[in-house]
Amino acid sequence: MTAQQQFYLVKPCGRLVRPVAPTRIPGRYLSHQEGLPKLPVPSLQQTCERYLATLEPIVDEEELSHTKELLAEFQKAGGVGERLQKGLERRARKTENWLSDWWLTTAYLDYRMPVVVHSSPGVVLPRLEFSDRQGQMRFAAKLIAGVLDFKTMIDNETLPVEYLGGKQLCMNQYYQVLSSCRVPGLKRDSVVNHAHRSRPPTHITVVHNFQFFVLDVYNSDGTPLTVDQLYMQLEKVWSSSLQTNKEPIGILTSNQRNSWGKAYNNLIKDKTNKDSVRAIQKSIFTVCLDAPMPCVSDELYHSRAAVQMLHGGGSRWNSGNRWFDKTLQFIIGEDGSCGLMYEHAPAEGPPIVSLIDHVVEYTKKSEMVRTPMVPLPMPQKLRFNITPEIKKDIEKAKQNMNIMVHDLDVKVIVFSHFGKNVPKTHKMSPDAFIQMGLQLAYYRMYQRCCATYESASLRMFKLGRTDTIRSCSIDSANFVKAMDDPAKQKIEKVTLLEKAVKAHRAYTDMAIHGQAIDRHLLGLKLQAIEDLTSMPEIFMDTSYAVANHYNLSTSQVPAKTDCVMCFGPVAPDGYGVCYNPMAEHINFAVSAFNSCNETNATHMAQRLEEALLDMRMLLESTPKAKL
């Protein structure tokens, strides 16, 4: 993939930085949407100046000086930059959000790599206290009831509006995650959403032993099934799918998108197959009842659960027990493993995490509803006619999946030494502190700084998605270089750390207010393509390729639940790092590719742990009086 393509396809991985935790105020769900401001177009000069500053720690002087010349040319009065900027400003006036459609298309629907590992995040929930199918079914029933309870708030528009720093946030993404599904195309995918139809879906899909079932989750009077009713229905599903030799039709969805698009068109030529696929696409969400995965030690459990949520463990295990295009798939193993994965096109992580927090709390409540004594229909098994050609497509998808499984290295650690408490004691943003830990860990491993992606939410604006916080800055570079320099005094190191943390906080604030550089640069580039003009030289520049080759792709996804989100790296020689900072510990998921000799997820996780401990020691061993 070219560097330019990589910029097009930079994937946000369910990421949101919340400098202040959003507070919720009950109210009509979308009534505030009209009052939300539009995403601004930053000034051209500001973006060019900030772009140069972000390049300084990651490109050499010669490249930097060449880029300065190109940017001066680009910004000339009456020049290319000004023309593209005016085009963007025109687009901003005419649309609800100048970025959102472009972003959905370029970051997701045009992205042709498999959604598995390369785009869809997984979430590992705390391990459950069961180890048999009764426990599995009971928990699944409670989980389904919890999601339906959350859905009621969405349907009634009673979900509390979220606020960040006193500003209302766009709630649109909550409307996109249920009853939706990605649909493959030969060159571009699409997303279908059935929630807004005149007769919205009333069923979920359940998959067990690679066999899909339609399970109606509402009674004829419109009330949701009780936990007991759901449990009985899940038992019926389980006992109707005991055969373990069925073709894993769902594994087709894990393939490279063009291949899957071609196989999809072939699959739905058959009416039975088409009806079955449509039933999955329309369903409110999917529940995957997984077979037990290979046993591992308690220490390795979280890492094994992470790969189960990300890809299912390969064709021998649970990778065929999925429909990877489905927006929401809850995964419950017979061995107590539990989590979900989501297809990224419709939403970022925070709405998903809000749903998780609600569902986890719901599952802890004892069921008070009396179960009506009415017979329920048998859940409908979805049939697929497998032609020799489809069988061949399945075999190919299995092979490709197993290659991805062997290539992905994931390490989940619970950093138990401290959580948000320590940075807060030192009046530092916990997120900025953790990001500086990542910068230090990377510098110690590679003796250089690298382009770093951290996602910032643009939900202060109507239909806002994300922009990039560039965690690698001049200030972070000064700190990481000084940290292990024996010639530097501790007091100087502390000052540099404080400065780096403040710079990160400032960039975060800038980004969430729509003033970061990355989406603006993408907009200018896409405007040039739309105007059919030749590509400006700043986008063909080596510096631009370096700036968009993210060796560290990171995300803070805070949750009340003691969970962790995980995702694959965005560069072949990069890392994916996701974290959930709790009060007194931090959950980290680090991923890398085994095919790259230079990267190692376990080493990075260890270096990160060391870096955070060293930073705490530095702060605590420097006398307060001097600070």
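All residue numbers here begin at 1 and follow the chain in the order shown.
Cβ coordinates are placed from backbone N, Cα and C, and glycine is handled just like the others.
The active site, proton acceptor annotation in TrEMBL covers His344.
Residues annotated as CoA binding site in TrEMBL: Lys420, Lys424, Thr425, His426, Lys427, Met428, Ser429, Pro430, Asp431, Ser457, Arg505, Gln556. Under 8 Å, Cβ to Cβ, and six or more positions away along its own chain, Thr425 (CoA binding site) finds no residue.
Per TrEMBL, the feature (R)-carnitine binding site maps to Tyr453, Ser455, Thr466.
Taken from TrEMBL, the feature domain 'Choline/carnitine acyltransferase' applies to 39-610.
Max Cα-Cα distance over the annotated (R)-carnitine binders (Tyr453, Ser455, Thr466) is 11 Å. Ranking the binding-site residues Ser429, Thr466 by other CB atoms within 10 A of the CB puts Ser429 at the bottom.
Comparing Thr466 ((R)-carnitine binding site) with Ser429 (CoA binding site), their Cα atoms are 20 Å apart once rounded. The full span of the recorded CoA binding residues, Lys420, Lys424, Thr425, His426, Lys427, Met428, Ser429, Pro430, Asp431, Ser457, Arg505, Gln556, taken as their largest Cα to Cα distance, is 26 Å.
A Cα-Cα distance of 13 Å separates Tyr453 ((R)-carnitine binding site) from Asp431 (CoA binding site). Across the residues of the domain 'Choline/carnitine acyltransferase' (39-610), the predicted structure has a mean pLDDT of 93. On the backbone, the CA of Ser429 (CoA binding site) and the CA of Ser455 ((R)-carnitine binding site) stand 16 Å apart. Ranking the recorded positions His344, Lys420, Lys427, Arg505 by how many other Cβ atoms lie within 10 angstroms of each Cβ puts Lys427 at the bottom. Note: the CA-CA distance between Arg505 (CoA binding site) and Ser455 ((R)-carnitine binding site) rounds to 13 Å.
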